[in-house]
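Summarising the annotation, TrEMBL assigns transmembrane segment to A:12-29, A:41-64, A:114-131, A:161-183, A:195-216, A:597-614. What TrEMBL lists as domain 'Transglutaminase-like' is A:465-539. The region 'Disordered' annotation in TrEMBL covers A:557-586. Look at TrEMBL and you will find A:557-578 tagged as compositional bias 'Acidic residues'.
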Amino acid sequence: MRRSTSEKIEFAIFYIIIFLILREWLLPIMELTSTGYFMQFLLFMGICLLLGIFSLPFAVSWFIKLAYITWFNVSVYNDGQLTTVQFLSNELKTNMNTILAGEWIYVSDPFRTSLFFILIWMLIYLIQHWVTVRYSIYYFLLLTVFFIGTLDAFTDYDGTMAIIKVMILGLILTALLFIKRLMQAANMQKDWTSYLVYAAPIIIFVTIAGIVAIYLPKSEPQWPDPVPYMKGVAGIGGSSTQPFATVGYGDNDESLGGPFFGDNTLVYQIQTPIRQYWRVETKDFYTSKGWIHSADESLQQTLQMADKIPLSISPGKEDPQSVQVQAVNEDYRFLLQAYGITSYELYDPQSVIRFNGGNEKMIPVINNNVVSPSSYEMTFQQPEYSYTALKESLSSTENDSRYLQLPDDLPQRVADLAYEITDMYESVYDKARAVEGYFARSGFQYETTNVQVPSGNQDYVDQFLFETKLGYCDNFSTSMVVLLRSVGIQARWVKGFSSGERIHEEDGMYTYQVTNNDAHSWVEAYIDGIGWMPFEPTIGFSNPVNINYDVDVEMPEEEQLPEAEEPEAPQLELEEQDPQQATGDATSSINWSNFKWVVYGLLAILLVGFIILWRKRGKWQPKLAVKMNHSKLNRSDTFEEGYLVLLKQLERIHLKRGQDETLQQFALRVDEQLDTTKMRELTAFYEKLIYAKQTEQIDMTKMKEIWEYLINRTSG
Amino acid sequence: MNEQIEKIIRNIEKVMIGKREIAELSIVSLLAGGHVLLEDVPGVGKTMMVRALSKSLGTSFKRIQFTPDLLPSDVIGVSIYNPKTLQFEFRPGPIVGNIVLADEINRTSPKTQAALLESMEEASITVDGDTIQLPKPFFVMATQNPIEYEGTYPLPEAQLDRFLLKIKMGYPTKEEEIEVLRRAERTVPIDDISAVLTIEQLMELKRQVKEVHVENNIKEYIVSLAQNTRHHHNVYLGVSPRASIALMRAAQSYAFMKGRDYVIPDDVQYLVKYVFSHRIILKPETRYEGITEEQVIKSVLHYVHVPVKRYVPE
């Protein structure tokens, strides 16, 4: 189909608007799935639309699009070790195998990306059809509003502006297409002046109305936020008034529990030689609802840059290594701590560190003002724990009694459980490992949304351990601390960030991106002769601890090692990229909240598919009817049904028999319309069937042919 | 189209120009054993029509011109004393014939009208206690002039019911009329045609008409039409069951003429206005509004569903 220049300009206008609307689709998808390369995807959309305007030959446009997808995959995923051809053939091979094996979730990222590209491609193809052939964009617009509305309601994506943009753009496009339809229906010549005369008022009206609407005062929402409301009505997820918290680092932990939403805002970019957790502070006093900090102010001291840092965790014996931290979030006015930290470099000679020995929080200060340095460096020597020493230490008595504090009204069953878990082990380390691994063994699940808040006198730990068994890091870590303390092991609650997502590697230095989603809490336990040691009870997470297995090969204890360390090892990579996905794997259950929007998307697609099928039923129903009624036509007594099906089909192409119209009259009308004589032939036979005394021998095969011919004509 | 009937019609068409439909309907009525009421002004070819039909069939043709002073015996015949045989002998009236043209039937007294209509219904006449069968076939074509009402005796509803069809002749078109003149310029066309069918053949056709199948769904359709006239808001008196029978007979005959051995709804639809229009009485207000019987029947047809499925008894 060749287009004139004016038509091309016209379609270019349509496509620009569509491009802008599609951008609103892409944005939340990118945001919610933490996908990068927004511009590249956007560019692909642009290319698809552009190719559509110039209506290039099929082969050329396919080539360009496929080339772009290939280029993207190669440049993003190929790390240079393989040639392009090798990379592509490798990818193809692995994914074919994976798919043939039915292991859908293991297809590689390049393959997923390609599928996403193809999805965009198909979507644009569909939209092009709507615009260029049907001059209607209604479904697409409806879908967009539905999509953004759903995301706005059910995720933390804020679609306020997106909806406004989509509505204004959509209404303008609808108006332009309506004019186009009108002009075509009226057979008007394409004339830019008259086109503008029609279009301008609408565009001006929509724009002004949109702008005015933005600045007008809005009434309060008439409906409650659907997710908590529905959960409240259904009686799940605790009280419906419980607000949704957003993940991140906060100071107040007095009331733990309740659902939260993810927030993948970048907060730190860290270059480190090893993957590790980042401490911020510890808390020692458990209130049965949360944590507070008990120590007095006397433990406060100010550290100069040169001073040794008096942390309770002593550095290891290895060579000092350094970590570069780029802090993005200025609200986080504290310093991250690597395990085994020895010194800080804050790049400002005036800066000092206010250190609180009670909770070990480091606050950077310049001239008595708490600051938030955008970048700093720390030197650390990774602590190393001797396996032999760990196994030998049987007590946790030295140190401070505040790390054994427990609320007076802690239910007895918590202590009983702690005893039960640890009874069979002797060393403190083994006991702690037993508690650490208890959750994964006993059917606990990682969950961020459907998390209860203890009500009344209920204990936060008790509720998690015995009732809900659903929760996130705070639940797991707090429970572990309480369980350890119940059996006399000193333990404290540690807050900080997990290692984040590795994005780059160079000369043995890894670059990690730490987002608010990585805010985390874990456990440190005190072992006599060893000191404080971190533990990670949360399902799906792992904190690499450097343990020196200085044991003889013959030692029988070795058998316990695989249970302790190995199962987590293969998960490391996975967790770094997507802790939530790892959670799914680890607990072998699907975390509904993460797949929610996928399900909504599928539902929307199903709905649209259904609508399209219904609207197009004239096209497929006859064929179905042929298939279904084929056998019926072999016998004359069921031929009647076949004929009635045909009448129905004809109705669909607006050839409806009037109630007073005889079959002959109708057949004549149909034949005139379809320019054939078949309907009369068939009707003559049918008349004989229903009005005559008995059917003569009639060539059924011929009737069948005629019937099929007519049925197919109704779909033409 | 039945070949023999086609032959008759073509024969009639040699005389009558552009009146194929009238010829067809006449034959339908003849084969169904009914009679026709032709309603039209004089001079449009009513007599010629009947004569052509009669001549094509090789049957006897009688004509009765009805006048106000005509007596029943003028129609039926009279017994006259024969001095030679010393007995009364019956002299048959003009009614005793195969095809009878009863001209201007509404001009005669009801008594004479009744005599005619009775013999039409019974196909026999009774004179002095003796019943005399009329010859077969017996087919009456009555005419009435709708214009002149003065000094006429309009046929009562019950009498009209005895006519199977009521047909309006209508004027020929300009071209047709020119053709009429052209043919009548030198010769009398009626003299040139001859019989194409024997009486036996005609009787065989009549027998075959009765064999034409009327499926139950068609019967239901006919009855629905009839009942609808009885409930129609413009109708004072609807058609009788006799009308339903008449419609079925006519439809059989028409289907046969069209070469079918079964009736289809098209036959019924085509015939219903000829069969029903003289059998319904419109409400006076309807008549004042200028609505005709034909229009009412059209609306009846519109209301009733055409059967397109096999008949399933309720």
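The backbone N, Cα and C atoms fix where each Cβ goes, and this holds for glycine too.
Bear in mind that the values here come from a model prediction, so they are computed numbers and not experimental data.
Note: the stretches the transmembrane segment (A:114-131) and the transmembrane segment (A:12-29) are in contact (3+ CB pairs below 8 A, sequence gap of 6 or more). Each residue of the domain 'Transglutaminase-like' (A:465-539) gets a DSSP state, and the totals for helix, strand and coil are 21 helix, 36 strand, 18 coil.
In the predicted structure, the domain 'Transglutaminase-like' (A:465-539) carries a mean pLDDT of 86. Away from its own ends, the transmembrane segment (A:41-64) comes close to residues 1-3, 8, 11-12, 15, 18-19, 22-23, 26, 30, 35, 72, 116-117, 120-121, 124-125, 128, 132 of its chain (Cβ-Cβ under 8 Å, at least six residues beyond either end). Here the transmembrane segment (A:597-614) has Cβ contacts under 8 Å with residues 32, 139, 143, 146-147, 150-151, 154-155, 620 of the same chain, all six or more residues outside its ends.
The list of residues near the transmembrane segment (A:12-29) in space but at least 6 beyond its ends in sequence, with Cβ under 8 angstroms from a Cβ of it, reads 35, 38, 41-42, 45-46, 49-50, 52-53, 123-124, 127, 131, 137, 140-141, 144, 147-148, 151, 155, 157, 159, 162, 165-166, 169-170, 172-173, 176-177.
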